[in-house]
Amino acid sequence: MNWDDTAPSAAENTADDTAMGAQDRLVGADADGEDSAVEAALRPKDLEEFVGQERVREQLDLVLRAARARGATADHVLLSGAPGLGKTTLSMIIAAEMGAPIRITSGPAIQHAGDLAAILSSLQEGEVLFLDEIHRMSRPAEEMLYMAMEDFRVDVIVGKGPGATAIPLELPPFTLVGATTRAGLLPPPLRDRFGFTGHMEFYAPAELERVIHRSAGLLDVDIETEGAAEIAGRSRGTPRIANRLLRRVRDYAQVKADGVITRETASQALAVYEVDGRGLDRLDRAVLTALLKLFGGGPVGLSTLAVAVGEERETVEEVAEPFLVREGLLARTPRGRIATPAAWAHMGLVPPQQQTGGNGQQGLFGP
Ligand code: ADP
């Protein structure tokens, strides 16, 4: 049977009763209120301190050194990668390394070309302008940005209709640092105007361990090597999540233990917060459990799966699935979602054909 993939009706969708609150997930990669307050203290201040991302770091180091040697403003930089990997941090490092001030804004905050003109015209020479979520800027603002990036000039339109005139306004040279979760979403003319593009990768566990040790030092927390490894393994390749889990484990260690983070306290604390050994939380596990137990591992349509876990389709697709796919636990196929053998193993369940001792049928992934 091919489970349908049509949108659920309102009656079908029970999300309101049972939704698991995708907003404030402990393992969510977007910054929450507490993160914003603490992150400032945990951000590396220069390239030397910035952990991992060797290639981006090395290339950026060359770009910045060369600009400094020429006494020029650095080229515009585009940083792409998932939330929480360090794009804002790197933009601040670029400003610090260039000894320049930084202005921080985001695409959604710039809805009119006038908003952008106001920011650009108030920049100082050499200033770094960090534009987060640059792919979400409005079209007119984007077009104004082309000229500003290339010629350090904007045309300010005064008046309306046939009487409107464009007054050219010279800008001081500045460095635009654009950040986007998906470089593919940027129109090519915008992408082409960046002198350097750095793609940020998810971090390896050993790198996250270094991030955790560094943050523990700054937060004055006692942590053992194995405790850091335990947290790193559950941080989904993302420093922001690593720092957040560290703070929760610290709380647990203070209240329930002697304040020292060992492997055991880390593991007990994260069990309390329902983050499992691989970094899956309750929502991720609910999706996998439904897929495995109710639908025999799939294929099942996204909408059906969403109804089964009492979540919105978008929540399952955008919040839970990307990590499950990345971890090789779930696959999206034209016929629907399917669980991989690794998913059965991770959830401690046995696939149906193995339960019956093998009935000669070929499994989805071969013998
Ligand atoms: P993004 O802008 O990509 O969403 P941020 O730059 O805000 O991510 O980083 C989130 C948090 O993770 C910050 O508090 C920062 O301290 C930490 N962090 C990110 N990258 C690194 C890194 N390479 N080394 C150490 N800490 C990092």
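Note: Cβ is positioned from N, Cα and C throughout, glycine not excepted.
Annotations in TrEMBL come from automatic prediction, not curation.
Look at TrEMBL and you will find 1-35 tagged as region 'Disordered'. Residues annotated as region 'Large ATPase domain (RuvB-L)' in TrEMBL: 23-203. Residues annotated as ATP binding site in TrEMBL: Leu42, Arg43, Gly84, Lys87, Thr88, Thr89, Glu150, Asp151, Phe152, Arg193, Tyr203, Arg240. If you look up TrEMBL, you'll see 73-206 marked as domain 'AAA+ ATPase'. Feature annotation from TrEMBL assigns Mg(2+) binding site to Thr88. The region 'Small ATPAse domain (RuvB-S)' feature in TrEMBL is assigned to 204-274. According to TrEMBL, the region 'Head domain (RuvB-H)' annotation covers 277-367. The DNA binding site annotation in TrEMBL covers Arg313, Arg332, Arg337.
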Sequence-ordered binding-site residues from Leu42, Gly84, Thr88, Tyr203 with Cβ under 6 Å of an atom of ligand 1: Leu42, Gly84, Thr88
Residue from Arg313, Arg332, Arg337 whose C-alpha is spatially nearest that of Tyr203 (ATP binding site), among the binding-site residues: Arg332
When distances run from the Cα of Arg332 (DNA binding site) to each of the binding-site residues Leu42, Gly84, Thr88, the nearest one: Gly84
Listed binding-site residues (Leu42, Gly84), ranked by Cβ neighbours within 10 Å, top entry: Gly84
Largest tally of Cβ atoms lying within 10 Å of a Cβ, found at which of the binding-site residues Arg313, Arg332, Arg337: Arg337
Arg337 (DNA binding site) versus Thr88 (ATP binding site) - Cα distance in angstrom: 34
Glu150 (ATP binding site): tally of other CB atoms within 10 A of its CB: 12
Within the domain 'AAA+ ATPase' (73-206), residues counted as helix, strand or coil by DSSP: 51 helix, 36 strand, 47 coil
Gly84 (ATP binding site) to Arg313 (DNA binding site) - Cα separation in whole Å: 24
Averaged pLDDT, computed only over the residues in the region 'Head domain (RuvB-H)' (277-367): 87
